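According to Swiss-Prot, the protein carries these features:
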- Tyr23: active site, proton acceptor (ACT_SITE)
- His100: active site, proton donor (ACT_SITE)
- Asn74, His80, Asp87, Ile101, Ser102, Arg111: substrate binding site (BINDING)
- Arg18: site 'Transition state stabilizer' (SITE)
Amino acid sequence: MPTILILNGPNLNLLGLREPHIYGSTTLQDVENICIELGKQHNVTVDAFQSNHEGQLIDRIHEARNKVDLIVINPAAYTHTSVAIRDALLGVSIPFIEVHISNVHAREQWRHHSYFSDKAVACIVGLGTFGYEAAIQHATLKQFKDLTFRYKRGDYGEVIYYYESLPNPILVVVL
């Protein structure tokens, strides 16, 4: 059975408590439970790990080598600072999807730069905690055959990807 690893960086253990006006009231445990259940529906094992420490995240990435098929990562503040986590991801050659709960492009200027986006197979930004579910859905779409994949430009210049041949089309928005 394929395995997806969800990695969460610093302060995401406070999800649901920290700045709910930005990040919402859903807890990290809620997110993990939803993703694990969604994985089961698609015959995918979903594991999750959170750390406030860069080295622990790097160690977990290294442990994933040859054991994990895809990583869903919310590097949190490390998005803008960690070449080391980027290098770890590239070093193990596991494809990854970058997720951010808030729209980092609508926040402070320093949050606009990511050390991960250019290497990610997809970036899901600003969909709240649903972004994790969208990442799992996107990853499991590879199980479907004969998908008609399309994209278009949104009103704000964002790129919207969608699979029109699915009974319930899934959107992935990249700003």
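Every residue, even glycine, has its Cβ placed from backbone N, Cα and C.
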Spatial neighbour of Asn74 (substrate binding site) that is closest, considering only the recorded positions Arg18, Tyr23, His100 and their CA atoms: His100
Binding-site residues: Asn74, Ser102 - member with fewest neighbouring CB atoms within 10 Å: Ser102
Cα proximity to the residue listed as 'active site, proton donor', best match among recorded positions Arg18, Tyr23, His80, Asp87: Tyr23
Distance [Cα-Cα, Å, rounded] between Ser102 (substrate binding site) and the residue listed as 'active site, proton acceptor': 6
Candidate binding-site residues His80, Asp87, Ile101, pick with smallest Cα gap to the residue listed as 'active site, proton acceptor': Ile101
Separation of alpha carbons, Arg18 (site 'Transition state stabilizer') and Ile101 (substrate binding site) (Å): 13
For Asp87 (substrate binding site): intrachain residues, at least 6 apart, with Cβ closer than 8 Å: none
Inter-residue Cα distance where the pair is Arg18 (site 'Transition state stabilizer') and His80 (substrate binding site), in Å: 20
Which same-chain residues, if any, lie at least 6 apart from Arg18 (site 'Transition state stabilizer') yet have Cβ under 8 Å of it: Asn11
Greatest C-beta neighbour count within 10 angstroms, which of the recorded positions His80, His100: His100
